[in-house]
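Below is one structure, written out as structure tokens; comments come after it.
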Amino acid sequence: MEKAILPKGDNRIRTIDILRALTMFLMIFVNDLWSLTGVPQWLEHALATEDRMGFSDVIYPLFLFIVGLSIPLAINIRFKKKEARPQIVWHILVRTVALLVMGLYMVNFETIFSEEMPIGKYIWEILMAIGIFLIWMDYRRIPGLSNGLATGLKGLGILLLVYLAWIYKGGSAENTIWMRPQWWGILGLIGWAYLLNGLIFLFAGKRWTYLMIAFILLLFMNIQENGIFEFLPGFKLVISASNHVLVMAGVLCTVFYLKSAKEERSLNRFLWLVAIAGLCFMAYGFAIRPAFPISKILATPSWTAICIGIGFLSYALLYVLVDKLGFYKWASPIKPAGTSTLTCYLIPYFIYPIMALSGFRWPDFLSHGILGIVKSLLFSLVIIVFVGVLERRNIRLRI
């Protein structure tokens with residue numbers, strides 16, 4: 001999940017890196033909106049009972065789309081290194097397990113019942129974040145650190161997470177429960193979608209027709225989850241097909257880009273087609289709204305289609321701005337969000353419990369309305385700048 005914003009000519013697509021950085025910046029921002037009052041409705045998540053989507057409901061699916069954009073590039077690099085398919089499958093499985101474990105702990109923190117535990121929930125949260133850091137720190141970047149010490153620190157992180165699972169109590173006083181997948185958490189959902197799409201691309205390769213068939217089947221599965229065809233069963237590949245198809249949309253986008261990038265006319269045609277596809281998917285999403293109300297929580301086909309459209313349009317517009325016009329220096333302040341994305345996501349799991357334990361509260365004027373929104377934007381930026389400092393000291397997560 002950690003990618004670099006590199007100059008053109010380094011075999012990278014700068015657009016993807018900047019889109020990832022922007023999305024993580026916005027994800028930290030929308031995740032902080034809970035701390036505010038008087039937030040405009042259009043910024044917040046819509047309720048499951050509402051037929052609409054807020055700005056916050058676009059960020060997670062956009063990240064899924066970006067995961068898909070990166071899959072062909074990452075797997076192609078491994079092919080160039082002469083890695084065999086079994087090696088790449090193992091790599092995909094290892095990354096998936098990492099995301100599932102992190103998602104499992106994070107989602108169970110949301111339902112923790114610390115009154116039945118030997119430590120408070122905020123201490124549990126901090127220890128969870130420390131454990132994740134110890135296990136998935138990129139120790140190779142730290143000069144002078146021996147392999148033995150790195151292995152020992154990873155082992156300590158594993159023991160810490162095992163201890164936290166052992167003492168965990170969730171639910172309520174009347175009904176305490178142990179850790180369970182629940183909805184897998186954001187990282188867990190990304191993990192499952194990455195697993196399926198990574199394996200599909202690994203074995204389908206550049207045969208875009210197979211990828212398109214998979215895309216259409218996943219779209220249909222998302223529709224059938226709502227039981228539209230009574231004579232056919234509805235089933236999920238662990239999680240809603242909405243997650244899988246959003247990633248596959250990104251996979252297809254990069255596959256067609258790689259086929260078009262060598263010639264200017266083909267590239268321009270590709271960008272026009274991506275933009276048109278974006279508009280078509282948004283129109284399709286609104287067209288099926290009467291049958292499938294727009295809902296992120298329910299992962300409805302209308303919401304999925306609209307988000308696919310937003311992903312395509314964001315990619316096309318940003319590519320023209322960044323890779324064709326060369327206007328990219330504006331993204332420098334948020335660069336760490338594209339190079340140490342997972343680290344940025346984890347830092348709030350230190351900050352919020354520390355604030356709670358210390359009794360810190362933002363002044364009322366920074367917790368309401370426009371000034372509160374500005375505070376949350378700056379909060380996101382400060383986290384990214386801090387992660388940039390860590391990155392320069394070779395401290396970052398890597399799975």
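Glycine residues also receive a Cβ, built from the backbone N, Cα and C atoms like all the rest.
The transmembrane segment feature in TrEMBL is assigned to 21-43, 58-76, 88-107, 119-137, 149-168, 183-203, 210-229, 235-258, 270-291, 303-322, 342-362, 368-390.
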Leading contact stretch, 88-107, 149-168, 183-203, 270-291 vs the transmembrane segment (303-322) - CB distance under 8 Å: 270-291
Seg_contact(the transmembrane segment (183-203), the transmembrane segment (235-258)) with at least 3 CB pairs under 8 angstroms, min sep 6: yes
Residues of the parent chain within Cβ reach of the transmembrane segment (270-291), under 8 Å, 6 or more residues beyond its termini: 51, 228, 253, 256-257, 259-261, 301-317, 319-320
Intrachain residues whose Cβ lies under 8 Å of the transmembrane segment (119-137), provided they are six or more past its termini: 98, 102, 105-106, 109, 112, 153-154, 156-158, 160-161, 163-164, 167-168, 342, 346, 349-350, 352-354, 356-357, 395-399
